[in-house]
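Asks: Input: one structure, supplied below.
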């Protein structure tokens, strides 16, 4: 079936969309739909407008998002003229790879596969930041092992107390705009604040990159988040991301890559520090990256870094490579042709938020999905026991300055007398890095906090990850400028943790209750935060250039094509999709078939799949792993499921922790394939890394639920369905037989390309690496 755009009623007036059969169909039809013009003939006759039209025609075949463009640069082994897109599995060779305190476990994996030398030492950065307050011999020994390994391999190493790894990556220039940088930590998203595509990996990926320079990645669906308006005084980047997490709280961007955009005035109002904060907490919003544009705001920040480095001011009593990474020639090269999303790039969804309608927000208690305007919490007089100005989210010099301003202004109102934090409150401060602390000291802000009674800590993750001194005790309430407030993360599970901006943390420490500094004044008539789907621009306010009008028209036509396929020929669409055959890697099965065993639940987490009490027992046998597989979800699973079954589950299967045994236990049960509505991202990575196959087929889950919802009192957690599923790998298609005498149907699934097949065929990523290095 071919889709053709035909002029109707004369050139430049209307367009008619015709579906023209290119092959015999079981039913013939044609549909015609009309759209009013968005561009006039006079514009097309103008040479500049005509040039725009020609360029759009030439480029629209492969328009890419900014995320896709960056991945394109760092993908290896692509076919000639291949343009990557969301959903593709690619082999990536990232610009940099950072590991922190987990460097030693990664090193053990690296050595266990027979590797002895890093593929590219310059690709790797090691930092110590998580447990820096722990002076036990066991921890110090681990730190020595990491440092010795780094020195032996020639890796850039930053010791405990130098700074949080993510901050080091940014301030040292490792996270460079337009590059792909990964780290074995979930807050790698932070690099997006400087236009760098940062995304997390797991430890096995780290070992693979160390040994081969490569790992695999599936490009996520990309969500465009348009920010409009300008933040009112007293509202910060932290309020933006806290509000986004709470206002869009239905997994709107779960496992998506985010691209932030907006009018020039809006983007100009967001400093790089604010962008880093927002990008950092896109992790809590559920995203795999949070990318800001490479624009003039970033250019100004980079120029400042380059000038400081050139003058020698970046140097100090600490190691820095900033003078090598931030140079004016590099900046000129970067901004000579900065990467941007193509016109007509496809986004999985679009959301918008009007910053001018925001007020200070606080997250919690104990959930980032609960976001409340500060004024509502202030009215509740919530007593605060501990306050934390820590973490890579909000402990830069600008954040420390904002907190210090609270005390400085209070001193001015008190005749110059320095105020103290409230009785019964403990206030902890740890800078994101030594350079940030030194900048705060030079400005007098660090001392202002100490004079008020704050307790200084080494630069490090500290209470953000529940390590070190000053953790929340049972019954206590804490307010933190960090990024995560899950129950028990910052101390006792019987404590309550809130998240807010640095000034809210400081004001709460000063008053002894959850409060702000009073800098925000609500605009008259403001009743709600303006947000929603789309780009937030009202149609009556939209002024279209010729280029924008054509882009819109092309988008309408593409959507029309998709709608037509869905509405008129779903069967043909399914079959035609299978005409493009996928190469099958030698040793990978062309077909996988088995009976469906159905676990009808969403959000089955990794503890439900493999109990936590076994996670750190290294001597658990395969038989035991098979026996306890899914036991926390259903104790009867082991007796119901059989070898060769295909496990089908609900949505977001494998959410939770990063334990690899969640995948290996299913393999121990000799189940070769898991099908779900959707997977948790880290589970997906661990599955492929350990040779467990997986497919996302929402249609199958919905069909099973329709078929078995009327089973009366039978509420089995695990059900043998009598249905069979066959996955045709070459045709990227499944066939489902609904019981012996039931209907049979097929459905197209995502392609599993040969590079991923190879990892699974080799027995997982570690064995693939062994093969690559000839170990």
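Glycine too: its Cβ is placed from the backbone N, Cα and C atoms.
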Asks: Need a hand: Swiss-Prot gives 461, 464 for [4Fe-4S] cluster, which of 392, 599 is also on that list?
Replies: 392
Asks: Near residue 392 ([4Fe-4S] cluster binding site), which residues of its chain come within a Cβ-Cβ distance under 8 Å, counting only those 6 or more away in sequence?
Replies: 164, 165, 166, 167, 187, 190, 280, 432, 461, 483
Asks: Look up residue 464 ([4Fe-4S] cluster binding site) in the DSSP assignment and report helix, strand or coil.
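Replies: Going by the DSSP assignment, residue 464 ([4Fe-4S] cluster binding site) falls within a helical segment, counted as helix.
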Asks: Among all protein chains shown, how many Cβ atoms are found within 10 Å of the Cβ of residue 461 ([4Fe-4S] cluster binding site), not counting that one?
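Replies: Cβ-Cβ neighbours of residue 461 ([4Fe-4S] cluster binding site) within 10 Å number 27.
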Asks: Tell me the Cβ contacts of residue 464 ([4Fe-4S] cluster binding site) under 8 Å, same chain only and six or more apart in sequence, or just say none.
Replies: 388, 390, 391, 393, 480, 482, 483, 484, 490
